[in-house]
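Chemist: Sending over a structure as structure tokens; questions will come in a sec.
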Amino acid sequence: MPKFIEGKLDAKGLRFGIIVGRFNSFIGERLLEGALDALIRHGADDKNIEVARVPGAFEIPLATKKMAATGKYDAIICLGAVIRGATPHFDYVAAEVSKGVAHVSLDSGVPVAFGVLTTDTIEQAVERAGTKAGNKGFDSAMTAIETANLFKGIK
């Protein structure tokens, strides 16, 4: 019979870094509230949570890299919103942020949960930040908890 390794949804004793972009802050702050709610509900001590605010989504990957390099965190949660406008700026920012965050996770070995919304409209972002479509900040924190515990089980 194979051994199955799964992460549990228990944040007790885990340390989390959260990075949130200030651009579109009305969305970012709701995502942050959702992430903090998930962490605390699942046993995280607020003393083991550090939040870094960056100017916008484009700065998230570098801040994630700096956090991961400290070795202080069991998982990092990235939050923000990139909303499509009339120019191709959205395409460049959304692609680079997602690639940058993925590279940090792969290069550092630290679990990084991607909670940066990439939406076509403000309404879609609002829906994903705590209304119709749930709160992706909450979901990202759940991913961070589970993955951090999974990694502890892989020896």
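Each Cβ is built from the backbone N, Cα and C atoms, and glycine gets one as well.
Pulled from Swiss-Prot, these are the listed features:
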- Phe23, Ala57, Phe58, Glu59, Ala81, Val82, Ile83, Phe114: 5-amino-6-(D-ribitylamino)uracil binding site (BINDING)
- Ala86, Thr87, Arg128: (2S)-2-hydroxy-3-oxobutyl phosphate binding site (BINDING)
- His89: active site, proton donor (ACT_SITE)
Chemist: Return only the integer: C-alpha distance in Å from Glu59 (5-amino-6-(D-ribitylamino)uracil binding site) to His89 (active site, proton donor).
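Modeler: About 15 Å separates the two Cα atoms.
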Chemist: Could you measure the widest C-alpha to C-alpha distance across Phe23, Ala57, Phe58, Glu59, Ala81, Val82, Ile83, Phe114, the residues recorded as binding 5-amino-6-(D-ribitylamino)uracil, and give it to a whole number of angstrom?
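Modeler: Result: 17 Å between the two most distant Cα atoms.
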Chemist: Grab the (2S)-2-hydroxy-3-oxobutyl phosphate binding residues from the record (Ala86, Thr87, Arg128) and give me their largest CA-CA distance in Å.
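Modeler: This binding site's residues have a maximal Cα-Cα distance of 23 Å.
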Chemist: Just jot down the residues in the same chain as Arg128 ((2S)-2-hydroxy-3-oxobutyl phosphate binding site), at least 6 apart in sequence, with C-beta under 8 A of its C-beta; none if empty.
Modeler: Leu117, Thr119, Gly134, Asn135, Lys136
Chemist: Under 8 Å Cβ to Cβ from Ala86 ((2S)-2-hydroxy-3-oxobutyl phosphate binding site), same chain, six or more residues apart: give me those in sequence order, or none if nothing qualifies.
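Modeler: Within the chain, Ala86 ((2S)-2-hydroxy-3-oxobutyl phosphate binding site) has no Cβ neighbours under 8 Å at 6 or more residues' separation.
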Chemist: C-alpha of the residue listed as 'active site, proton donor' to C-alpha of Val82 (5-amino-6-(D-ribitylamino)uracil binding site): distance in Å?
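Modeler: Taking the Cα atoms only, the residue listed as 'active site, proton donor' lies 10 Å from Val82 (5-amino-6-(D-ribitylamino)uracil binding site).
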Chemist: DSSP three-state call for Phe23 (5-amino-6-(D-ribitylamino)uracil binding site): helix, strand or coil?
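Modeler: Coil, per DSSP.
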Chemist: With every protein chain in view, how many other Cβ atoms are within 10 Å of the Cβ of Ala57 (5-amino-6-(D-ribitylamino)uracil binding site)?
Modeler: 30
Chemist: I want to verify one value. Collapsing DSSP to three states, which class is Ile83 (5-amino-6-(D-ribitylamino)uracil binding site)?
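Modeler: DSSP call for Ile83 (5-amino-6-(D-ribitylamino)uracil binding site): strand.
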Chemist: For Phe114 (5-amino-6-(D-ribitylamino)uracil binding site), which of the three DSSP-derived states applies: helix, strand, or coil?
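Modeler: Its secondary structure by DSSP: strand.
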Chemist: Look at the binding-site residues Phe23, Phe58, Phe114 and tell me which residue has the greatest number of other C-beta atoms within 10 angstroms of its C-beta.
Modeler: Phe114
Chemist: May I ask which residues of the same chain, at least 6 positions away in sequence, place their Cβ under 8 angstroms from the Cβ of Ala81 (5-amino-6-(D-ribitylamino)uracil binding site)?
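Modeler: Set apart from Ala81 (5-amino-6-(D-ribitylamino)uracil binding site) by at least 6 residues yet with Cβ under 8 Å, we have Gly21, Phe23, Asn24, Ile27, Gly28, Leu31, Ala57, Val116, Leu117, Thr119, Ala125, Ala129.
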